[in-house]
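Undergrad: What follows is a single structure, and I will ask about it in a moment.
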Amino acid sequence: MDLVKEINRLRKEKNAIILAHYYQDGAIQDIADYVGDSLGLSQQAAETDADIIVFAGVHFMAETAKILSPSKKVVLPDLNAGCSLADSCPPEAFKKFTEQHPDHIVITYVNCSAEIKALSDIVCTSSNALKIVNSVPKDTPIIFAPDKNLGRYIIKETGRDMLLWDGSCIVHEAFSMDKLIELHKKHPDYKIIAHPESETHILDTATYIGSTSGMINYVKEHQDEKFIVATEAGILHKMQLEMPNTELIPAPAVEDNTCACSECHFMKMNTMQKLYDCLLNESPSIDVPEPLRSRALLPIERMLELSK
Ligand code: 13P
Ligand code: SF4
C-alpha cells in the first residue's frame with residue numbers, strides 16, 4: 001500500500017489536519033500540514049477548523065490539543081507515546097507540593113499532564129518561558145515545574161528565585177559532556193546550540209539556547225556557520241531540509257542511549273503505518289473529561305494570550 005497516497009486521501013475525505021513535532025520521523029514531518037514546536041502546535045490546534053486533529057507527537061501534546069479544541073476528534077498514532085518529563089510530575093505529589101507553598105504562583109512547562117495543568121496558574125513552553133516568568137510581578141514567589149533544567153536556565157536568565165520541581169527529560173539529560181568536548185575539539189569551528197531542557201553544563205557550552213523553533217531560526221540566520229545540535233536528533237531533518245548546505249552534527253549521547261545521538265523513543269513510537277491506521281480508525285483518540293478540561297484550559301489560554 002502507498003501510505004502517503006492513502007493518508008492524503010483519508011485526510012481530505014475526513015477533513016483532518018496532521019500536526020507534527022520536529023522530533024518526529026522525517027517521513028511524518030514531510031506529510032504533516034504543520035510541523036512546529038510545542039507553542040506553534042498548540043496555536044494550530046486552537047485555530048484549526050478541521051474535524052480531526054492527527055497529532056504526531058506525544059501524549060501531553062495531543063491532550064493539550066484536545067483541551068483547546070474539545071469539539072474536535074484528536075487522535076494520536078501511538079497511545080504509548082508518553083514523555084519522561086511529564087511522568088516525572090505525578091499529580092498527587094505535585095498537589096501536596098503546591099499546598100505547602102500557597103503564596104506561590106504555579107508556572108508549569110507544557111510537558112505535563114492535564115491534571116498538572118489544572119493545578120497551575122499559567123503554562124509556558126520553551127519558546128515563551130522567559131516572557132511568561134517575567135510577566136509575574138517581581139515580589140510574587142514562583143513554583144516552576146516539572147523541568148528543573150529549564151527552571152535553572154530561567155532562574156539564570158531572569159534572576160528570579162523560583163522553587164523547582166525535580167523533573168527532567170531523559171533525552172536531554174543523555175548528552176555526554178566528555179563526548180561533546182571531544183567532538184568539539186575535532187571540530188572547533190562548529191558552534192554548539194542547545195535546547196534549555198539540557199543540563200546546565202551542556203547549556204554553558206552553547207552559543208545559542210532556545211526552543212526547537214528558535215534553534216531552527218538561529219541556524220537559518222547563520223547558514224554559513226557549522227553547528228553541533230544539542231536536542232532530539234529529529235530536528236536535523238527540518239534543518240537540513242531548509243538549510244541543505246549548512247553542516248550539522250547531532251550532539252553525542254552517553255553509551256547506553258538507544259542511539260549514538262539523542263533520540264526520544266516516545267516520539268519515535270509513531271510511524272507512518274500507525275499514522276495511517278489512526279486516521280482510518282479515528283482511534284486511539286484522546287479524551288479529557290470535564291471539569292478537568294476547563295481547569296486545564298485556563299492556564300493554557302493565559303499563555304496563548306501572553307504569546308500573541
Ligand atoms: P519545543 O519544541 O517546544 O522546544 O519542546 C521540545 C520538547 O521536548 C518537546 O517534547
Ligand atoms: Fe518528553 Fe524529552 Fe521526549 Fe520531549 S524529548 S517528549 S521532553 S522525553
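The backbone N, Cα and C atoms fix where each Cβ goes, and this holds for glycine too.
TrEMBL labels come from automatic prediction, so no person has curated them.
From TrEMBL, here are the annotated features:
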BINDING   His21, Ser38, Tyr109, Val110, Asn111, Ser126, His195, Pro196, Glu197, Thr212  iminosuccinate binding site
BINDING   Cys83, Cys169, Cys264  [4Fe-4S] cluster binding site
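Neighbours and distances for these, please.
TA: For His21 (iminosuccinate binding site), other Cβ atoms within 10 Å of its Cβ number 26. Secondary structure from DSSP puts His21 (iminosuccinate binding site) in a beta strand.
Reduced to three states, the DSSP call for Cys264 ([4Fe-4S] cluster binding site) is coil.
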Undergrad: Would you identify which of the binding-site residues Cys83, Asn111, Cys264 has the most other C-beta atoms lying within 10 angstroms of its C-beta?
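TA: Sorting the candidates by Cβ neighbours within 10 Å, the top entry is Asn111.
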Undergrad: Checking the binding-site residues Cys83, Cys169, Cys264, which are within 10 Å of Glu197 (iminosuccinate binding site) at the Cα level?
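TA: Cα within 10 Å of Glu197 (iminosuccinate binding site): Cys169.
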Undergrad: What is the total of other Cβ atoms whose distance to the Cβ of Glu197 (iminosuccinate binding site) is within 10 Å?
TA: 25
Undergrad: List those of the binding-site residues His21, Cys83, Tyr109, His195 whose Cβ lies under 6 Å from any atom of ligand 2, in sequence order, or write none if there are none.
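TA: Checking each Cβ against ligand 2, the ones under 6 Å are Cys83.
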Undergrad: Please report the distance from the Cα of Cys169 ([4Fe-4S] cluster binding site) to the Cα of Tyr109 (iminosuccinate binding site), rounded to the nearest angstrom.
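TA: About 12 Å separates the two Cα atoms.
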Undergrad: Measure from the Cβ of Cys169 ([4Fe-4S] cluster binding site) and count the other Cβ atoms within 10 Å, all protein chains considered.
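TA: Excluding its own Cβ, the number within 10 Å is 25.
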